Each structure stands twice: as structure tokens, then as C-alpha cells.
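Taking it in order: structure first as C-alpha cells, then the write-up.
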């Protein structure tokens, strides 16, 4: 059945434009509250958000929806997505909500839902919520005496700070490291610098002055130029860039070079394999991860299991096949020993542990393999299904035939934006550029003709 609201990472869109309106947010609260209203106990939801201007509006709407369904709402305020997942379990909530559009600009917002186990909801549960959204939910409203209460929870930052600190091995401190961190003017602007400082690092922070409209604006993991400049300016040993909700991370080494999620997963996998804590004899990544990562792991007797794009697919495969390391090239890294979803800060701490134990510079620690030339370009679309056009299908088939065993081709619609993503990789950079350019031209011509 076709999804009407939920994409690869919850419901997302431009604020105050359907579906990201307060009306729909309230209805999601009623629908989710109804579905998770099981048993006779007092039900509760935890609701977090990032620092977007629209977060206050959507937070209040969701509180109204959940309380109308008879669910008590525990309001957390601005806090990272992984903290919401952790607190959903810690506070014994029936459901968790994160109001965020992750790395998107402030105009966008979104709703992510977590079950009582801290994992994102299954497709089946999301479809049940969608079905209710289309119906009259008057019958599901609580009786007057059973309306839920709303409460702002204090001390949630401290709980997450302690959780994150516990993921660094007890024999490791960060003393002697100068760390520059970019919090993307987002949800981790308070907690991330505090964790690093409490573990002993000298911390230089940027992107920690959110004003509602500057989240991810020329900062954070999708725009690391400011961090590169800061690393050079203060001569930092490492730079850490989080995104708006802090579920992804990108590293900048002491030379200013960007280290992506593929390299970070390689570092963690190799380190955990050496101390025999890696499960599944490999890691889980998506079809977008570089072929160089796959070759690196194979050379060391480890496997790379690939999934569709989206950390929920990575997590699902990890759970089914008992892996404890997974993630995406974009910097979503899931370490199931420590959490149920991507956690940029916790992933960065594992890298810092390797840096401290080896005594080597970040540029040496984090350059684990030579990436195969890879090119990713996007085509913006306004509707339709250009990938189903016969001309586009033929161009894709021709490109796959040309690459054969010397590379890979991935073409897919974005699950969060109106884009077609075209990615190719292979040992011949010129060939890759030509193939991607040709496909972009064909898709664009079909889009313009529609």
C-alpha cells in the first residue's frame, strides 16, 4: 500500500504547509496515542524537538493530540534525537516523538516516532497511524476525566550527558585533545560540548547559538566549511560536525580534511574487531556506501551487508542479523551496544577512543581506505515518476552495462526531498563523471517535458 504521509524518516515537509501543519500534528498525536493505548496503565509519551522556530508550534499541537487521546505528555524541549529514543525507554514511555527535519533548513520540519523499545516504528504501525489520520477520530478521544496531563521534564540533558559519557571506555579520557565541535545551531548545542569538556577535552564550540532560523545554516555536518576554518584557526586535533538533531556526524581531521561516515565505520569496525566486541563479523551500510569500504572489510575477513537508504533499514537489518555496527556514508552511525538509532556524538566518542589509545593523529587513524571515485548528483523534480520513463530506463540499463563489474550505479528518489539522486562509482573517474552527467541530462529532459 502506498504511503501518504510517512517517508523514509517519518513525516516531513515545509512548516505550515500540508502535511506539516499543526492540525496534522495534532491528529498524529491522537492517532498514535490511540494505537499505543494498550492496557489499563497510565500511558505516556515523551516529546523532544530541535531548535527550529516551528518546533514550538508543532510541539504544542502534538501535546494537544496525545493528551486528547488520554496520554500523558512528557515534554523534553530541544534535545538530540538519540536522547529521545533513550529517554523513551528510560522513562518507560509507550511512545517517543522527535520533532525535527534533521539536516534540512529551518523552513522544514518533521515528526519521527519511536516505540517503547526506542526503535523507530515499523512500516505496519506507520500504516495504521496513516489509516486513522484519514478517518474521523472523535470516537477515540478520551473521556473528560481521562484526558492526559502535560509536564515539562527537568534534567533530561544531564541524563543524556551521562549516557554519552558512559560509552567512552573507562580507561580513556580526552585530556590533551583540543576538539572543535560544530553543533549546527541544533539540538545538541548544550549537551555535546558539555560531554567533551567533562571527559577532559579542551573544547572550542561553534554552531551553538540557535535562534530558530539558523539551524544547519552554513554549519553542521552538511556544511562543514566553518568547522574546517575553525580547526585551522585554533589548531585543533579534530573537528566534530553534528547535524540539526545530532543523529549524524562528520569528522574534520587536523589538516582540515573531511572524514565521512564510511571511513568512521571502518575505524570502529576494525577497532571493535580487534577487541572482539564486533558482532556479525562485519557491519551494515546502505547501497550508497563506497566500494572502497567493502574492499577494506573483505581484506580483513569482515563483511559488508547493504540495505536500502535510510537508517531505519540499517537498524532493521542489524536487529535481524545480530550486527552491532551500522550506518550511512552521510554520517548516521548506529552502535546498538549503546543505542537504538543513529547518534553522532556517541559515534564521535568511539573515534576519539581510538585516537587516544593509538596516540596517532586523526588524519592517520581515520584514513582507513582509499575511496573508489564516486559521484552523487541530484535532480530536483516537481512531481511525476521520471524513473519509469522508457528513455530513462534505457539510459540506466546502458550505464549499468558499461560499468559491469568495475563499479556500481544507484538511482533513487529521495525519501525526504523532491529529488532524484544519481550515484555512480568505479575505478575510472572520467567514466563515472560521463555516466552520471549523461543520466542527469536524460532525467532532466524527461522532467522538463512532463
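Going from the start of the chain as shown, residues are counted 1 onward.
Each residue, glycine too, has its Cβ placed from N, Cα and C.
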Task: Pick the one from 102, 122, 382 that Swiss-Prot also lists for the Mg(2+) site with 243, 245, 247.
output: 102
Field: Cα distance (Å, whole number) from residue 102 (active site, phosphoserine intermediate) to residue 247 (Mg(2+) binding site)
entry: 8
- line: Not counting 102, 243, 245, 247, residues with a CB within 8 A of the CB centroid of the Mg(2+) site are 50, 80, 81, 100, 103, 186, 187, 242, 244, 246, 248, 342, 344
Task: Return the residues near residue 243 (Mg(2+) binding site), defined as same-chain residues 6+ apart in sequence whose C-beta is under 8 angstroms from its C-beta, sorted by sequence, else 'none'.
output: 102, 103, 184, 186, 216, 220, 221, 222, 249, 331, 344
